[in-house]
Structures are given as structure tokens and as C-alpha cells.
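Shown next, in C-alpha cells, is the structure this report addresses.
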Protein chains: 2
Amino acid sequence: MESSGPSPTSLNNFRVVYLITQMVGAAIVILMGSWIGVHLGGLSWTSNPATQFNWHPLLMSIGMIFLYGNSILVYRGFRYARKKPLKVTHAAIHGLAFVFTVVALVAAFDSHNLAKVPIPNMYTLHSWVGMAAVVLFGLQYLFGFVSYLFPGVRESMRSTYMPVHVFFGVLGFVLAVAASLLGLLEKAIFAMPDYRYLPPQGVLVNMIGLLLVVYGGLVVFLVTDPMYKRKALPEDAMLLTHSPSSQ
Amino acid sequence: MESSGPSPTSLNNFRVVYLITQMVGAAIVILMGSWIGVHLGGLSWTSNPATQFNWHPLLMSIGMIFLYGNSILVYRGFRYARKKPLKVTHAAIHGLAFVFTVVALVAAFDSHNLAKVPIPNMYTLHSWVGMAAVVLFGLQYLFGFVSYLFPGVRESMRSTYMPVHVFFGVLGFVLAVAASLLGLLEKAIFAMPDYRYLPPQGVLVNMIGLLLVVYGGLVVFLVTDPMYKRKALPEDAMLLTHSPSSQ
């Protein structure tokens with residue numbers, strides 16, 4: 001654990017970029033909701049497979065994008081909180097993201113299977129990359145839970161696993177962003193016969209895509225820049241007997 | 001500049017992962033060529049806009065994926081070479097990648113503009129994300145060239161700019177991978193009316209997409225893991241008066 005933390009100036013910069021990141025993340029969810037409400041017929045669950053599908057992009061953008069990004073940022077965004085509550089919050093936000101993701105997947109599969117002419121599942125590149133992101137996310141959750149929230153795992157093992165957990169956590173997030181871009185594009189092509197003339201709906205979809213790129217870039221910057229790394233607090237060592245090095 | 005380099009074991013691991021990365025990169029280009037040759041009608045330049053288009057995915061996967069990845073890996077892959085030849089090689093491979101990219105862009109625009117019924121340019125999310133990647137690439141080249149290959153720039157400025165150059169370089173590479181995934185997906189939807197039944201061509205396209213994800217993950221891992229950072233050689237300081245810290 002390092003002893004010196006970020007300088008006050010770099011922490012001010014962090015706060016500004018963190019705030020912008022939150023605003024971009026919120027804008028993505030709001031614009032996704034607008035697209036669904038204004039152009040895709042809104043939301044329903046059992047009455048209409050086409051609008052049941054619309055839960056998929058909405059819940060995925062909340063779960064796998066907004067919550068996932070916030071969960072990996074929690075150690076740096078709340079750097080003065082104690083380690084244990086941070087770990088529990090990290091796991092809780094990820095858990096919530098997982099629930100959103102599962103319901104989003106059910107919405108997609110249901111909308112395919114219950115359509116009058118059923119649509120095959122898992123054939124596009126979006127579905128392959130998206131499933132890879134979800135599986136990676138699930139494995140990370142499992143290994144992270146066992147390693148860091150379970151008592152009895154050796155400190156040396158926790159420290160060794162930490163860079164692996166961080167790398168695959170960031171990779172999973174980037175994969176989720178890539179999968180979202182692919183999902184946006186295929187829905188745009190399927191839903192807009194006039195996409196090539198770039199109607200307002202097309203501009204909206206492409207803008208959501210660019211915001212996803214910006215959000216992804218900002219989150220990865222904030223979560224990987226060594227300058228913004230959380231400094232271990234004295235309480236971390238005093239209160240926890242098994243504390244992995246802070247990320 | 002740090003004085004201690006990677007251990008022999010970690011360098012052995014680097015070599016193995018580096019070799020696998022090269023093989024995955026080569027597989028992407030070969031499979032892209034197979035897709036074009038077997039399923040998309042091969043290559044032509046002036047005779048047929050549809051097959052002129054096919055230069056676009058082929059040259060982009062060579063330029064913005066394979067060469068780009070290799071260019072950012074050159075410092076770590078050839079860590080015992082002197083700094084100056086490494087910088088020149090880095091710039092030269094990127095220069096070559098840029099030439100491939102420009103021709104690839106011309107192929108795409110030509111194929112749209114010269115079609116019997118012209119196809120609008122720059123309307124899909126693929127084109128927006130792809131153009132963002134190319135513009136970022138171009139700006140990086142310009143700023144990198146001025147900062148590190150031009151004499152007379154102050155050492156302190158070079159060092160300050162280095163983390164920015166590295167971050168946006170990696171971001172540009174990841175954007176290029178994301179743009180390639182989007183391009184694969186839209187071409188798959190446009191070219192395969194039976195994509196939903198996952199014909200062999202569909203499996204091929206999706207496999208190229210997954211290999212792109214694997215290649216992107218491996219390159220970013222090799223280029224960012226602190227364990228594999230190039231150690232500054234004594235000659236770096238002796239032979240160059242203006243040497244930025246190695247990346």
C-alpha cells in the first residue's frame with residue numbers, strides 16, 4: 001500500500017471529470033429512454049413482444065453501463081470512506097447491475113421467442129459480444145466475492161488476484177460498451193428503413209453511441225489513472241484483518 | 001526513468017503472449033481476406049463499386065488493427081533496441097497504417113458515390129465511431145511527431161505529454177477495434193439476408209469479431225501492464241539529448 005495520496009489539485013480535477021462522467025452516463029440513460037418512448041413504441045412486458053424488447057436496451061444501459069461504471073469508480077469517488085463499506089457498496093451496485101442485466105436478457109429472449117414469427121436468438125455479433133461481456137461480468141462477480149468478501153482467503157492470494165480482477169473488470173466494462181454500440185447499430189438498421197437518410201431518430205441513435213464512447217473513455221481514464229488511485233487509510237489496516245491492497 | 005526492468009520470468013510470459021497476439025492478429029487479416037474472397041465477391045478497384053468496397057475491411061484490418069497494434073507494442077516487443085530507432089519504427093509503422101487507412105476510406109466513399117444508385121456516406125454509427133478513431137489517430141500522429149521527432153521541444157514538455165499520448169493512443173486503438181466490430185456487424189446485416197439462420201458466413205463474421213475482441217484485449221494488456229514496461233537503456237541517455245521517458 002502506498003503512503004502518499006493524490007495532490008489536492010489532482011483531486012479537484014478528479015471531481016470535475018467525475019461529475020462530467022456522471023452527467024454523460026445519465027444523458028445516455030435519458031436519451032435511451034427518449035428513443036424508446038418517442039420512436040420505438042414505449043415499454044410493455046407481456047402484451048407485446050416488440051415493446052417488451054425495449055426493456056432490453058433501457059435496462060442494459062442502466063445496468064451494464066451506468067451502474068457498472070459507477071461500481072468500478074466507487075473506490076476513487078468515495079476515497080475517504082472505509083475499505084469495508086466500499087467493498088460492500090462495490091458488490092451491491094454490481095449485484096443490482098446483474099439483476100438489471102438478467103431482466104434485460106429475459107426481455108430480449110422473450111421478445112424473440114414470443115413473436116408471431118419467432119426470431120432466432122444469439123445470431124448477431126452483438127449477441128456474441130454481449131454474452132461474452134455478461135459471462136465475464138458473472139465470473140468476475142463470483143471470483144471477486146469469494147476472494148474479497150469471503151473470510152479466510154489468504155492476504156497474499158488476495159493481493160495476487162487484485163490486478164487480474166481489475167484488468168478483467170475494466171475489460172468487461174469496455175466489452176459492455178462495445179456490445180451496446182453493436183446493439184444500437186443493429187436496432188437502428190432493423191428499426192429504421194430510412195436510416196441511410198439520417199432522420200432525427202438516426203442522429204439520436206448515433207449521438208447515444210458517441211456518448212457511450214465518451215462515457216467509456218472517461219470511466220476508464222478515472223479508474224486507471226495512477227494519479228487518482230485511492231490512498232489506503234490507516235483505518236483499513238486497523239479495522240480489517242484481511243484487507244486486499246486498495247485499487 | 002526506472003532503473004529495474006522486468007524479471008526474466010515475466011519477460012518469458014511477455015514473449016508467449018506477444019506471439020499469441022501476433023497469431024490472432026494475423027488470423028484476423030487472413031479470415032477477413034477469406035470472407036471477402038469466398039463470400040463477398042473478391043477485390044477490384046475501378047470496375048465494380050461493390051467489390052471496390054471490399055478493400056475497405058481488408059485494408060482497415062491491416063492498417064487500423066494489425067499495424068496499429070504492432071506499432072504501439074514496438075517499445076515492449078523490441079525492448080533491447082535503442083530508443084531512437086524504436087521511435088522511428090513506431091512512427092513508420094503508424095505512417096504505413098495511415099496510408100492503408102486513407103486508401104480504405106477512399107474505397108468506402110468511392111463504392112458509395114460510384115454505385116448505380118449512390119449510397120449516402122457517413123450515416124451509420126460505424127462511420128461515426130470509425131471517423132472518430134481515424135481523426136484521433138491523425139491528431140495523435142501530428143502531436144506525437146511534433147513532440148518526439150522534432151528537435152527543440154523541451155524535455156519537460158515531452159515528459160508531461162507522454163501519459164496523454166499513451167492514453168489517447170490506447171483509446172484510439174480500442175476505438176478502432178470497436179469501429180471494426182460495428183463495420184463487421186453492419187456488413188453482415190447488409191450482405192446476408194439469412195444472417196438470422198447463422199449460415200457459415202455468419203459464423204465466420206462473428207468469429208472474426210470475437211478474434212478482434214481477443215486481439216484488442218491482448219494488445220491493451222501487453223501495452224499497459226506495468227510489469228512489461230521497457231526499461232530505459234544506458235544508451236538512451238547517452239545517445240539522445242532529448243529523450244522522453246520510455247513508455
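Glycine is treated like the rest: Cβ placed from N, Cα and C.
According to TrEMBL, the domain 'Cytochrome b561' annotation covers B:20-224. For B:16-38, B:58-78, B:90-109, B:129-150, B:162-183, B:203-223, the entry in TrEMBL reads transmembrane segment.
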Among the ranges B:58-78, B:129-150, B:162-183, the one whose Cβ pairs under 8 Å to the transmembrane segment (B:203-223) are most numerous: B:162-183
Model confidence over the domain 'Cytochrome b561' (B:20-224), averaged pLDDT: 97
Positions whose Cβ lies under 8 angstroms from the transmembrane segment (B:16-38), at least six residues beyond its ends: 54, 57-58, 61-62, 65-66, 69-70, 73, 76-77, 201, 204-205, 207-208, 211-212, 214-215, 218-219, 221-222
Positions on the same chain near the transmembrane segment (B:162-183), where near means CB under 8 A and six or more residues out: 56-57, 60-61, 64-65, 68-69, 72, 124-126, 129-130, 132-133, 136-137, 139-140, 143-144, 147, 209, 212-213, 215-216, 219-220, 223-224, 244-245, 247
